[in-house]
Amino acid sequence: MNTSAQARGGHGSRAAFGFVFVTALMNAVSFGIVLPVLPNLIKAFAGGDTSRAAQWSTLFSVVWGVMQFVCGPAMGALSDRIGRRPVLLISLVGLAADFFIMAFAPNLMWLLAGRIVNGMTAASFATANAYIADVTAPDERARAFGRIGAALSLGFLAGPALGGLLATAGLRVPFFVAGALTAMNALYGLLVLPESLPVERRTSHIDWGALSPLGALRFLGQRAGLLQLSLIGGLFSFAWMVGPSIFVLYGGYRYGWLPATIGIVMMASGLIGAVTQMNLVGPVVARMGERGAMLIGAAAAAVGYACFGCASAGWGYLAAIPVFALHHLFMPGLQGLMTSRLGESEQARLQGVVQGVQGIASIIGPLVFGLVFAWSSGAESAAYEAGCAFFLASGVMALVFVLAARIG
């Protein structure tokens, strides 16, 4: 039996999904490990100048998002042509090399080069999602995407805590550990990962011109409903960026939370999110369909963000977290709906375009929400105005709900 068949059959399908689950978990842990120390390493290279370090950190974020936008569609199209396995393995090797580049970086330019490689190789998440689409039946995809989302949540939960501990031995130690974990993941994949896309179902060639932004729009526009779904997903991703953009500053400014408290809140949110994705996505989709899961997720996000913005005390913020956690139903529902509208030979290209859209959101979101929070938390602002960024995100999520309700 060939490896493609193995990937889609019984035990082979479970083993293949297990590898992608472990890959998502390990990648999230590796990314999370360096999160607490990367800003400090940048600051050290910037001579301890906080303002200059902030400028470089912003540049790093923008560059990473741009590489996601540019490389996501290319990675997807490449895996539709040559198969998922080689793209995943090459990406893992490249990601491991990136962590080691940053570990040995002698200056900011080398660190930036590492971040560029990081953005390029992280675009392989599109291929991983396409792999999931290959090895699962259409009616099981939303559940599978939910479990992969849970792996990411758990990884990003454990990674920063581990990174903080490792940083006590030196700022570069977390990068070495992240590189080693990713290299071991690549070796594991080399030994056990089957191919999921048989040769006869691959695209005959790669139209590189179609991978431009206009080409991506044309690709979506030529397939029923995909342009609308991508727009909805892009708006959701944009609004979601409010948390990563301002939460740490917001918690300290409005509630007086110390870093330890903020870490505990993030951990609790991550655990609740992982439980939601592991246990609720499947039953909700089975009962209400992918569109129903999207509507619940968008409504929960809109209500949750509004509550975050209104909460005048920390307990009010905490009370809204379980409601907000239901937003994790949205993306698995969206992914399941989108993948059901394409054949196997175009799954990775679709995921690449989706990741490109998310890359744009990761560029625009922090800029918009950061500026709104900076304005609303000024010395002359009223206390309630600090929640304006969350109110904006809530409004966008309400728009997402309306658009999702109109899906045909």
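Backbone N, Cα and C atoms are what each Cβ position is placed from, and that goes for glycine too.
According to TrEMBL, the transmembrane segment annotation covers 16-38 (among others). Counting only same-chain residues 6+ beyond the ends of the transmembrane segment (16-38), those with a CB under 8 A from a CB of the stretch are 6-7, 57, 60, 88, 92, 95, 99, 102, 122, 125, 128, 131-132, 135-136, 144, 147-148, 151-160, 162-164, 166-167, 171, 174-175, 177-179, 181-182, 184-185, 188-189, 192-194, 196.
What TrEMBL records for 16-408 is domain 'Major facilitator superfamily (MFS) profile'.
Tertiary proximity for the transmembrane segment (58-78) is limited to same-chain residues at least six positions away from its ends with a CB under 8 Å from its CB atoms, namely 38, 42, 87, 91, 111-112, 115-116, 118-120, 122-124, 126-127, 130, 203, 206-208, 210-211, 215-216, 348-356, 358-360, 362-363, 366. What TrEMBL records for 58-78 (among others) is transmembrane segment.
What TrEMBL records for 87-106 (among others) is transmembrane segment.
For 144-167 (among others), the entry in TrEMBL reads transmembrane segment.
Per TrEMBL, transmembrane segment is recorded for 173-193 (among others). Packing against the transmembrane segment (173-193) from elsewhere in the chain are residues 15-16, 19, 22-23, 26-27, 29-31, 33-34, 36-37, 85, 88-89, 92-93, 95-100, 102-103, 162-163, 166-167: each is 6 or more residues past its ends and has a CB under 8 Å from a CB in it.
Residues or ranges marked as transmembrane segment by TrEMBL: 226-250 (among others).
For 256-281 (among others), the entry in TrEMBL reads transmembrane segment.
Outside the transmembrane segment (293-315), and at least 6 residues removed from its termini, the chain residues within Cβ reach (under 8 Å) are 142, 232, 236, 239-240, 242, 251, 254-255, 257, 281, 284-285, 321, 323-334, 336-337, 383-384, 387-391, 393-395, 397-398, 400-401, 404-405, 407. Residues or ranges marked as transmembrane segment in TrEMBL: 293-315 (among others).
Panel annotation: around the transmembrane segment (321-340), residues 129, 133, 138, 141-143, 145-146, 149, 153, 226, 229-230, 232-233, 236, 240, 265, 268-269, 272-273, 275-277, 280-281, 284-285, 289-294, 296-301, 303-305, 307-308, 347, 350, 354, 397, 400, 407 of the same chain, lying at least six beyond its termini, place a Cβ under 8 Å from a Cβ of the stretch. The transmembrane segment feature in TrEMBL is assigned to 321-340 (among others).
Sequence annotations record features per position, and here TrEMBL assigns transmembrane segment to 352-376 (among others).
Annotated transmembrane segment per TrEMBL: 382-405 (among others), in sequence order. Sequence-distant neighbours of the transmembrane segment (382-405) (same chain, 6+ residues past either end, Cβ-Cβ under 8 Å): 228, 231-232, 235-236, 238-240, 242, 245-246, 250, 253-254, 291, 294-295, 298-299, 301-306, 308-312, 327, 330, 368-369, 372-373, 375-376.
Here the domain 'Major facilitator superfamily (MFS) profile' (16-408) has a mean pLDDT of 84 out of 100. At the 8 Å Cβ cutoff, the transmembrane segment (352-376) and the transmembrane segment (144-167) share fewer than 3 close pairs (sequence separation 6 or more) and do not count as touching. Of the ranges 87-106, 144-167, 256-281, the one with the most Cβ pairs under 8 Å to the transmembrane segment (226-250) is 256-281.
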